[in-house]
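Going by Swiss-Prot, these are the annotated features:
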- Cys122: active site (ACT_SITE)
- His255: active site (ACT_SITE)
- 256-260: region 'ACP-binding' (REGION)
- Asn285: active site (ACT_SITE)
Amino acid sequence: MEKAMKYAKIAGSGGYLPERVVTNDDLAAELATRQISTSDEWIVERTGIRQRHLAERGVTTSQLATEAARRAMDDAGVQADEIDMIIVATSTPDYVFPSTACLVQANLGAKGGAAFDVQAVCSGFVYAMTTADNFIRAGRARCALVIGAEVFSRILDWNDRGTCVLFGDGAGAVVLKAADEPGILAAHLHADGSQTKILCAAGNVAYGDVTGDPFLRMDGQAVFKQAVTVLDRSARDVCAEAGVEVDDIDWLIPHQANVRILNFLARKLRVPTERVVITMDQHANTSAASVPLALDVARRDGRVKPGQLVLMQGVGGGFTWGSVLARM
């Protein structure tokens, strides 16, 4: 008898943010001590960001990821011994190796299953979700923990007004479980390696020394132009694969990069802004954590409900992008 195909369904979500909240006014005051001028009005007008959470010294990506994972597991009602795969999307791992996923596995007391990291910057969570979905569909996993976690504050040049105001730290997670009915309907992943220089942190560690530029650098205008183009096309492609129209989407949860990008994308897709989940005003850009954090907020406040159609999108350095369409 032919084995029935299993699908991956979101069974629970969780988010975790560092305790320290830094408002735009707080940040402006700190930057002013170094003769760098900015203001709450300047930041909000250009980005939509009002505050961000920053990890204290000594707090690691794996710690944030573990807390988000525990909340997602509680929400899903699963125990550590049920988790047979952990994927962490991060660009700010604790170590060169072992992977952050292995550290999370140990923290949770999960044993024996696969654990590895995915590095696709702000697209990382979408890449990780798609990877876990493929494992579950292939029958190679039944209960996967997918996490996006970052401490981007560690790789920012705090003398660069154009980037240091944009980012925050945090972690978000989902539990994907094998199900008879589709949860994840379709997913598309893409990259264009010729665009590496528009968003990168090009430093590396060799022979005990940091070589190159260790800080995040970004060409904001180029990122905007690329992001709105590829996300629009990706959304239409993933909907077409699933046999639905963009109008059928109940919620759009894009990477929380910049309110201008989100508003422009919503207009191109003709998705009303009231159906776009926006959290960057409170979280700033948390890179791979932004989509799962936004999903968790919208699930817990009752906006995202079971049975609804949710489109999640990531876009980031590489240049990478992707979309996941899921029935909740």
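Note that the numbers count up from 1, one per residue, in the order the chain is shown.
Each residue, glycine too, has its Cβ placed from N, Cα and C.
In the three-state DSSP scheme, His255 (active site) is classed as coil. Cα-Cα distance from Asn285 (active site) to Cys122 (active site): 9 Å (rounded to the nearest whole number). You'll find the Cα of His255 (active site) roughly 7 Å from the Cα of Cys122 (active site). When other Cβ atoms within 10 Å of the Cβ of Asn285 (active site) are tallied across all protein chains shown, the result is 23. In sequence order, His255, Ala257, Asn285, Ser287, Ala288, Ser290, Gly314, Val315, Gly316, Gly317, Thr320 are the residues near Cys122 (active site), counting only same-chain partners six or more apart with C-beta under 8 A. Cβ contacts within 10 Å of His255 (active site), excluding its own Cβ and spanning all protein chains shown: 31. Looking only at the region 'ACP-binding' (256-260), the predicted model's pLDDT averages out at 96.
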